[in-house]
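K.L.:
Below are the features I grabbed from TrEMBL:
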- 1-22: signal peptide (SIGNAL)
- 28-150: domain 'CAND6/7 N-terminal' (DOMAIN)
- 169-409: domain 'GOST seven transmembrane' (DOMAIN)
- 171-191: transmembrane segment (TRANSMEM)
- 198-216: transmembrane segment (TRANSMEM)
- 236-262: transmembrane segment (TRANSMEM)
- 274-292: transmembrane segment (TRANSMEM)
- 304-326: transmembrane segment (TRANSMEM)
- 354-372: transmembrane segment (TRANSMEM)
- 378-398: transmembrane segment (TRANSMEM)
Amino acid sequence: MGVSKSLVFCVLVFQLLSLSSAEIRFNEIRNDNRPIIPFDEFGFTHRGRLELNVSKISLSNPDLDFSKVGFFLCTHDSWLHVLQQLEDGEITCVLQSDLIKQVFTFNNLNGKSEYSTIYSENDADQYTLVFANCLQQLKVSMDVRSAMYNLEGRSNNRDYLSAGKTILPRIYFLFSLIYFILAGLWIHVLYRKRLTVFRIHFFMLAVVVLKAVNLLCEAEDKSYIKRTGSAHGWDVLFYMFSFLKGITLFTLIVLIGTGWSFLKPYLQDKEKKVLMIVIPLQVVANIAQVVIDETGPYGQDWITWKQVFLLVDVVCCCAVLFPIVWSIKNLREAARTDGKAAVNLMKLTLFRQYYIVVICYIYFTRVVVYGLETITSYKYLWTSVVAGELATLAFYVFTGYKFKPEAHNPYFVIDDEEEEAAAEALKLEEEFEL
């Protein structure tokens, strides 16, 4: 029954797996009695290889049947059938199933404390490397080094990126070039329209540049993993710029939603509170992302960090919508009460468009892209990455086009009364803080 529950848990883990690249992994297991420990997931071609080195093996009870302890490969679909076999009582241990592919079991140790093997996988599919311990009274300690790759060409070059993700370095590099071009075009626009440029336009430039650098680092990260199985430090740069890009993008959405720098030179208390919520949450989200990527699903807290990341991401996405809603409400009231109904109505229409686009962007990149990852064949997992990056690119282009520095843009129409009201509100706020 314990094994059955663990298999259900592992099905959940497989659903939450980010399908990350399976670079060479070093994992330490200490006094662990979990019946099932999933490691990395990888898409093999017809020339797939698994190198597995297990060392410093320590068993709490050496006098047991170790044919029920070992490593195996299994596809996601096979898991469901194995679970059914356990439920029906056809087998008592997952290693007894004919639906899995045994790599090795501990009865082959013959008293040794280490074991190494190279397993050839010629059936193209997406597999997960799993450790099974069907002996409830047994605790296992070991160091595990795993490397999964596909052989390419006549020279048998190793490709450590999963099938379906092997072209990701080129995709990320292409998108980084597009963003660098966009940054150049935006600099040209700022120079030409320098008389109508606001501070937030320079902030937009910073967001685009950070996105371009982030994609460049991710391209190098994946390229080194593809060739060597290790990121060679590019993962550190990727995490750093991913953190900066995430914070600046959410901050930009909040600032545009509040009308900062365009409609008013200050932020209200409630708008500052949104930023004070979003920025720390982005810090937590990036910490969770690092833990998820670096530990893998074998870690006992991996699924907790995955849930934390998903929760924090959803909260951030919801929080950035509030300033836009507040601005829409204020503009709707202003259009009814003052004599500038036409101007306020144009601003209101623009805010409504931006609100809808932000919602579509969040929904597509968080829900639709995840759905594509789930339903797409492992051979075409790159399509979900392209879809997400195209949606992000469209969002950046829309934001830049709608809020570009231009004198006749209704978003920038601020008369003397509005300027005086803004200055008075800022003065009152400063006096209140003192």
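Backbone N, Cα and C atoms are what each Cβ position is placed from, and that goes for glycine too.
TrEMBL does not curate its annotations; it predicts them automatically.
Could you place these features in context, so I can see how deep they sit and what lies close by?
P.N.:
When Cβ-Cβ distances below 8 Å are used as the criterion, the transmembrane segment (198-216) is approached by residues 172-173, 175-176, 179-180, 182-183, 186-187, 190, 238, 241-242, 244-245, 248-249, 251-252, 255-256, 260-262, 389, 392, 396, 399-400, 403-405, 412 of the same chain, each at least six residues removed from its ends.
Long-range Cβ contacts of the transmembrane segment (236-262) within its own chain (Cβ-Cβ under 8 Å, at least 6 residues beyond either end) map to 198-200, 203-204, 206-207, 210-211, 213-214, 217-218, 220-221, 268, 271, 274-275, 278-279, 282-283, 285-286, 289-290, 316, 319-324, 326-327, 351, 354, 358, 399, 403, 411-412, 414.
Outside the transmembrane segment (354-372) by six or more residues, the chain places 253, 256-257, 313-314, 317, 320-321, 324-325, 328, 383-384, 387-388, 391-392, 394-395, 398-399, 402 with a CB less than 8 A from a CB of the stretch.
Long-range neighbours of the transmembrane segment (378-398) within the same chain, counting only residues 6 or more positions beyond its ends whose Cβ lies under 8 Å from a Cβ of the stretch, are 19, 43, 125-126, 162-165, 167-168, 171, 175, 178-179, 182, 207-208, 211, 215, 357-358, 361, 364-365, 368-370, 372.
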K.L.:
What average pLDDT does the predicted model assign to the domain 'CAND6/7 N-terminal' (28-150)?
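P.N.:
Per the prediction, mean pLDDT sits at 91 for the domain 'CAND6/7 N-terminal' (28-150).
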K.L.:
What parts of the chain pack near the transmembrane segment (171-191), using Cβ distances under 8 Å and only residues at least 6 beyond its ends?
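P.N.:
Contacts of the transmembrane segment (171-191) (Cβ under 8 Å, skipping residues fewer than 6 from its ends): 197, 201-202, 204-205, 208-209, 211-213, 215-216, 218-219, 222, 382, 385-386, 389, 393, 396-397, 400, 404-405.
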K.L.:
Determine how many residues of the domain 'CAND6/7 N-terminal' (28-150) DSSP places in helix, in strand and in coil.
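P.N.:
DSSP composition of the domain 'CAND6/7 N-terminal' (28-150): 22 helix, 65 strand, 36 coil.
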